[in-house]
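Undergrad: Pasting a structure here, questions to come.
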């Protein structure tokens, strides 16, 4: 049998080597300028993307706070107390515990022990928080009650302003703001812990025994309870919260740090982005505060004139208190001293506070806490209706929300000053070189 072969009529197929050579020739035939332009465009877009991502990471606290405020306004039932996410446990306990656990991992035990015995730190922060600031708030309330219109300036909200001045410093935001500003986080942690341990005892005494006896008869309808029996539940709840959210996670973090070493712990905190996670937890606390504020509806019912007054008074007071902290920390205050051997009196001067401690004082002294402020209102006015307690809580919530926004501006200011100091130090070191 004869076999016939069919010859292909088209051109012979090219092998893979020839195809790759053709692609190379096409690429080489393209003008080099076009390739360079494409590379430049890609590099510019990548650089722009990196800048945007870095800006978001740097301003994450501001962006997160804004998102939390918007979410709290439009959906207050989600994060309010006893809401869908049960923020009274999931956020008030969970988020705060995470913040203090990260602080326990990040702060050396020696620094904590040093600042627990730092008497000047305690006198400055607690003295301003429990003596100076309550007196200023009380004087403002007296002036408004004396000269303001009783129909506009509600006595319940004025009572809330007195409570706002008397409550201790806040727990979580002070530590995070101090850390972001380059301050001494250990000093801030010690200050807020001491303040919140003193608060349940000092605040009711200030309100009921120091300030309330001087109030006029128009405040009789909102007279707080002074019976110790009604405050026992407050003490139990507050110390349970401090124990579970502050002392326990802080101790766990310190134990882990002592077991594996401070350097290893610090590297793990950076690799796992734990500091950013704690910042996110702070935005959850803001979300809860805003949601609880709008859920009651008492803020919307408040007279606009009074609301504007309270907002601007809070801003002015917070800035004034912070300025006073700056002055107090940087002035060498004279005080009498005595030498036993020489048996003579002389005048000594306090040294200027270390910059890290100074930053911690500026954040801790003017700040106030809703974590203790709201339970105190509930315990001291427990026999009054919920609407009245909600009105008394309004100044507390407003002040704590405003302080977070102002504190973020302080973070920017302290960080900017730190950068300028570092640049000035580098220039001086370069100038000293031969």
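Cβ coordinates are placed from backbone N, Cα and C, and glycine is handled just like the others.
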Undergrad: With TrEMBL as the source, identify the stretch among 13-37, 188-212 annotated transmembrane segment.
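TA: Feature transmembrane segment in TrEMBL: residues 188-212.
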Undergrad: So if I exclude everything within five residues of the ends of the transmembrane segment (188-212), which remaining residues of that chain have a CB under 8 angstroms from its CBs? That is, six or more out.
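TA: Here the qualifying positions are 100, 103, 107, 112, 115-116, 118, 121-122, 125-126, 129-130, 134, 138, 162-163, 166-171, 174-175, 178-179, 219, 223-226, 231, 234-235, 238-239, 242, 246-247, 250, 360-361, 363-364, 369, 371-372, 376, 380.
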Undergrad: So what's near the transmembrane segment (352-376) in sequence-distant terms, Cβ-Cβ under 8 Å and 6+ beyond its ends?
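TA: Hits for the transmembrane segment (352-376): 92, 96, 115, 118, 120-121, 124-125, 128-129, 133, 163-165, 167-171, 173-174, 177-178, 181-185, 187-188, 191-192, 195-196, 199-200, 203-204, 234, 237-238, 241, 289, 317-318, 321-322, 325-326, 328-332, 393, 396-397, 399-400, 403, 407, 410, 414.
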Undergrad: Short question: which residues 6 or more past the ends of the transmembrane segment (242-262) have a Cβ under 8 Å from it?
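TA: Same-chain contacts beyond the flanks: 92-93, 96-98, 100-106, 108-109, 112, 171, 189, 193, 196-197.
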